[in-house]
Amino acid sequence: MTQLRLTNCAICSDGPIALDQFLFFSCGHKACKKCVGNNDFRKNPLCHECRQPKGAPHKVYLDFEEVVEEQRQQIIDGLNKIDMVSPGESIDKAGKKIRRFYKKCDGDPEACRPLLEAANDLQERVAPMFAKHATMKEENESLLARLHELEAMAETNKQNAKLAKILVDKEKDEAQRHYDRAQRYLSRIERKEDEILKLTQQLEEKNNAYRLLQKKTKGVDSTARKRIRLVSQPQEEDDSLVIEGKPEITPPKRIKRSHPPTVLQDANTDKHERRLKRRRRGASSNSKAREDDS
C-alpha cells in the first residue's frame with residue numbers, strides 16, 4: 001500500500017508530497033520541510049495563508065487505515081444518498097471519488113470491497129432510473145420531432161396569414177374604391193332625379209297652359225263661326241220700304257277676325273262675362289253689316 005500523499009505545498013507549489021514531508025503549524029496550515037528550512041520564522045512569524053501566528057512547526061502522524069476507512073465510509077454514504085431524484089452531477093462526483101480512492105488504495109481488494117458492494121446496490125437502485133430515462137428519452141425525441149413539425153406548420157401558417165392579410169387589404173382597398181365610385185354615381189343619380197322632377201313640373205305647367213290656351217282658342221273659333229253665320233243670313237223683307245229701280249247688290253264685307261284676348265285676361269273673367277261679350281260683339285257686327293247694306 002502506497003504512502004499517503006497530500007496536496008501541493010502552498011509556498012513552493014511542489015506536490016503532491018508525502019505526508020511525512022510536511023510540517024504543520026499551530027494554525028492548522030502546513031508547508032513542506034524544504035520551505036520551512038529555507039524561511040526564517042523569526043522574521044516571518046505569521047502564517048502565509050491565514051496570517052495568524054505560526055508557532056513552532058511540527059509533524060502529524062496518521063494511521064493510514066483510519067484515513068482509508070473514513071474516506072471509504074464517506075463515499076459509501078454518498079452512494080447511498082443517490083436516488084431517482086438526485087442530479088446527474090452527484091453520480092459523476094461519486095465516480096470520481098471511487099476512482100481516486102482506488103488509486104490511493106493501490107487496488108487493494110479488501111479496501112475496495114465495501115465500495116463494490118455499495119456500487120452494486122446503487123446499480124440496482126439506479127437501473128430503473130436508466131430504464132425510465134430511456135423511455136423518457138424516446139418520448140422526448142418523439143415530442144421534439146412533433147415540436148419541429150408544429151413549428152414548421154406554425155411558420156407556414158404565419159406566412160399564409162401574412163399573404164391572407166395582404167389579400168384582405170387589397171380587397172378592402174378595392175371595395176373602398178367601388179364604394180366611393182358608387183357614392184359618386186348615387187350623387188349623380190340624385191342630381192339627375194332632381195333635374196327630371198323639375199323638368200316634369202315645368203312640362204306639366206306648360207301642358208296645363210297649352211290645354212287652357214287650346215280651350216280658349218276653341219271658344220274664339222266658335223264665336224267667329226257664329227258671326228259668319230249671322231252675316232250670311234238673308235235680311236227679312238220690310239214691306240214699309242219700297243225701293244224703286246234695280247238695287248245695287250254689294251258683296252258683304254269680309255269681317256276680320258279679332259285677336260283672341262290674352263290668357264291672363266280670359267283667366268280672370270268668368271263664363272257669364274265671356275258670353276255677354278260674345279253677344280255684344282255679335283250685335284255690333286250685325287249693325288255694321290246692316291249699315292253697309294243700306
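The backbone N, Cα and C atoms fix where each Cβ goes, and this holds for glycine too.
Feature annotation from TrEMBL assigns coiled coil to 133-216. Taking the coiled coil (133-216) as a whole, pLDDT averages 90 in the prediction.
Residues annotated as domain 'RING-type' in TrEMBL: 9-51.
Annotation source TrEMBL lists region 'Disordered' at 217-294.
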For the domain 'RING-type' (9-51), what are the DSSP-based totals of helix, strand and coil residues?
9 helix, 9 strand, 25 coil
